[in-house]
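Each remark here refers to the structure printed beneath this line.
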């Protein structure tokens, strides 16, 4: 009962800040359904480059941005990054040409680096926002960026006050709940070795071969999901289909949750492991947009075939990790130490 109450308190605060970058960075795919390309005179290749450039910025600062969070108050760091990208996202609405859009997308990627890229309800939001097309002489796609930027800024301000830093210092938990949350984290960590330095954590993560298998899995998975920036365009005549891309990201949380549970011997290693997996995996978004040229529509055979192959590779990686961790657990059982935890698979 206590755990259930604790989960209900923690989940909304964890999800809200993640929801916002999800919508901001993927709004360009839906803006394309409006008059984005016509207003900015974009070619197909220029649009693909604008999609890719965000993840160039993301990859450049992704690892250091996630390492910083182990030394700076997470609530301050995360909410500050959120406020900056809110402003940049809103400024996307004033882009007048390819260069302007390219620059805002690049800096948006840099400021969103502490967060994970995905998509959720952007399709539903865009369907409503596009009804404002022409209001005050502003195109619907511009309204989309303005509204999402303003909403993000409001949430950033709220996040500063509600995001927790550590279980033992969380203001909206009772003393008993703080202790319970902290003990739960310690209990679920396999091979907990306490605190270390940021660079030691990065080195530990880089030396762990499990991190690299997780990285390959996530890279293949995100590569298979490269269609998200083109799916709305491919099905633009089937309005309800725009929201179907929501369901393609369930595997994301599974893989990252698996990384968190498996590579969390120290909080520094955990942060570095997640950063390595995330940044290298996100690099797939740099090359996948170019697999969707307009010349391949409407079937996009090359892109669809590669997505299918990458999905199979992701599944094979998951099975390989399962057998690996199963073997590790067998070794743990054979050890003399009885007070140990087992890897989850």
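Cβ coordinates come from backbone N, Cα and C, glycine included.
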Problem set entry | Annotated range (TrEMBL: transmembrane segment) out of 143-163, 164-184 | 143-163
Problem set entry | Of the residue ranges 19-37, 76-94, the one that TrEMBL records as transmembrane segment | 76-94
Problem set entry | Interface-richest range of 76-94, 271-290, 302-325 toward the transmembrane segment (51-69), CB pairs under 8 Å | 271-290
Exercise. Same-chain Cβ contacts of the transmembrane segment (302-325) under 8 Å, 6 or more residues past its ends?
Worked result: 210, 213-214, 216-217, 220-221, 223-227, 230, 251, 258, 262, 288, 291-292, 296, 343-345
